[in-house]
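Just below is one structure, and these are the notes that go with it.
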């Protein structure tokens, strides 16, 4: 859900101060014991503060390694699985849903992972303020809110402005990997990314890539497959 540039108008016709639409929608949720443990014990160790200048992630992780950032990891199952399967890589997750952050950190504590850190704030702020240009090997955006209604399309996170922000943060050859289970949104993302300068579609036919093995299948996705629902993956590589 990207920034909106609409200026609300008051009943007397005066413009209100601009309110930026953030990259997320807050949803309430009860905290389980495990999720609370994750926040209480894992938060001080693995949640990174929002910085005012680019972060030296080599220092954060204590090494130089391929680096992936995921926006909106939900309950964290896929990100946790990917980090556990690739200990030679470093992962950064961004999520504002507190139960999801707690669930991921509980898993990090349980598995003893050292290659994963979290931001619990707006992803746009994280990219703009914390992530240096040309520093990410991969950025993942899986199953973002499609904002089905036409009047809400401006809230979709995948826009040309966002694509340019991601391109700046990726290293040359870095990949922006998106996935959605709603075909109209897949078509929309393909249209936006095909028009975004500085990218090359990794799909041989210029559309969607086969489901990559490195992206874990979620329970939601398995249920959708049983019901005949599709999932569309897009991979765009930074070329300059």
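Just so you know, glycine gets a Cβ as well, placed from its N, Cα and C.
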Stated Swiss-Prot location of region 'Disordered', expressed as one of 1-20, 21-40: 1-20
Which of 95, 183, 187 belongs with 70, 122, 145 in the S-adenosyl-L-methionine site listed by Swiss-Prot: 95
Recorded S-adenosyl-L-methionine binding residues, 70, 95, 122, 145 - maximal Cα separation rounded to whole Å: 15
Residue 70 (S-adenosyl-L-methionine binding site) - helix vs strand vs coil (DSSP): strand
Residue 70 (S-adenosyl-L-methionine binding site) versus residue 220 (substrate binding site) - Cα distance in angstrom: 18
